[in-house]
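Taken straight from TrEMBL:
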| type | residues | note |
| --- | --- | --- |
| TRANSMEM | 21-40 | transmembrane segment |
| TRANSMEM | 86-105 | transmembrane segment |
| TRANSMEM | 126-150 | transmembrane segment |
| TRANSMEM | 162-184 | transmembrane segment |
| TRANSMEM | 196-220 | transmembrane segment |
| TRANSMEM | 240-261 | transmembrane segment |
| TRANSMEM | 298-324 | transmembrane segment |
| TRANSMEM | 344-367 | transmembrane segment |
| TRANSMEM | 396-419 | transmembrane segment |
| TRANSMEM | 431-453 | transmembrane segment |
| TRANSMEM | 460-485 | transmembrane segment |
| TRANSMEM | 505-524 | transmembrane segment |
């Protein structure tokens, strides 16, 4: 077999998904780069972070999500404990989605058919998927290690052993879930079913890790790839020998993928999506059709946000007490949120994180109109007599009402859990800071409608204000951004409604942005030519 047959499908897969890979990896690496220096500037001495370590280590909610906080609490241990958890989970999701896209997604989109017409059989494509997953996982792990090593001269409490260990365990974890994504793609006959199988595996791994963290069942950390970080323990024990075990497990999963897919014929799979039916879908309007297509997305995002809201509510009691005892942490939280009340600062921060997810849901819903245009579904809808402006208007309505319902449900769950930790006033403040972010989501929805209406191919730029606002709100004070720049973030304009404050000028600006952008986008969409792929 020639080298082209061995590497061609891998190069095609990596080139096809290069933007998605960069969109995942660069923000994660950027956050990793600022975490350790920000900890070092806020808590330069170990004694100054003692209250933080004690509060976080004793809290059941933080233990469930992050695992045990190792002693004595060096900067490296804190960074690996917090940011390492985000790296493991986010890179696993990235690799899982890429694994599905490399095999089943390639067949659904027609890329696999082009490769087959070029002389690449099923084994070549599977080998290319395995190679591409390995390249992404190992490359991201090397980048994580490089960031840690580069910060050694800046932060005294970091070690090269810990940096390399964190990068290696991140690579192993993402490689494992990338292979699981490949296995799901080879086993399922649709991308949707393959993603469902992959996320079920991820949920089981998270549940096993949660049981291990809460009940101290250390053996489960070996079973769950999400628990491998605690086994290797970067910046603490640095058990490098465990990486050999993880690599062997990944090799076993890869061998299983090869056995599943090597003899599979093109466009076939042993597992079939039972939701697929030849019956005609009975819908009476474009709104009903859009909701039918988008309801799964709403349920998924709402479930994730609800779990996070419950987690934040469970953390509220101990973290508010921490802010009361630790002036350094209180100052940092106040700088990040602009709130002087300690409970308001915490709930404002939590509300930003939840609103960020709700904003992502709204943007994805609006950008789905561009996907419909590219796939040809929009033309099919228009042939049924639907006005040209209607599909985009309907997408905006679903995004607006869906995000409001999401924030209301999430805020209610967070408030109920907060009542078990603090008083009713704190629960009301939690709800107000969550639902109060709806104008920010409206503004992002308006920008998405405007860009989709102007031209489908530029609609991806909607993610710029999302990412920029997130960085400015969450890291603006750490990065010493000027105040006027921090205020430009859409998530930074929620007053303390529970304290009797009214809407700020920024809230009205966000609403005005929505009211101006949506009509413009709808009009432009109705007047321009459609651009299918």
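Using N, Cα and C of the backbone, Cβ positions are placed for all residues, glycine too.
Whatever TrEMBL says is automated annotation, not expert-curated.
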Region pair the transmembrane segment (86-105) / the transmembrane segment (162-184), three or more CB pairs under 8 Å: yes
Contact yes or no, the transmembrane segment (126-150) and the transmembrane segment (240-261), 3+ Cβ pairs under 8 Å, gap 6+: yes
Seg_contact(the transmembrane segment (240-261), the transmembrane segment (298-324)) with at least 3 CB pairs under 8 angstroms, min sep 6: no
Of 298-324, 431-453, 460-485, whichever stretch has the most CB pairs under 8 A to the transmembrane segment (505-524): 431-453
For the transmembrane segment (460-485), distant same-chain residues with Cβ under 8 A (at least six beyond the ends): 23, 27, 30-31, 34, 38, 41, 332, 335-336, 349, 352-353, 356, 359-360, 363, 366-367, 440, 443-444, 447-448, 451-452, 491-492
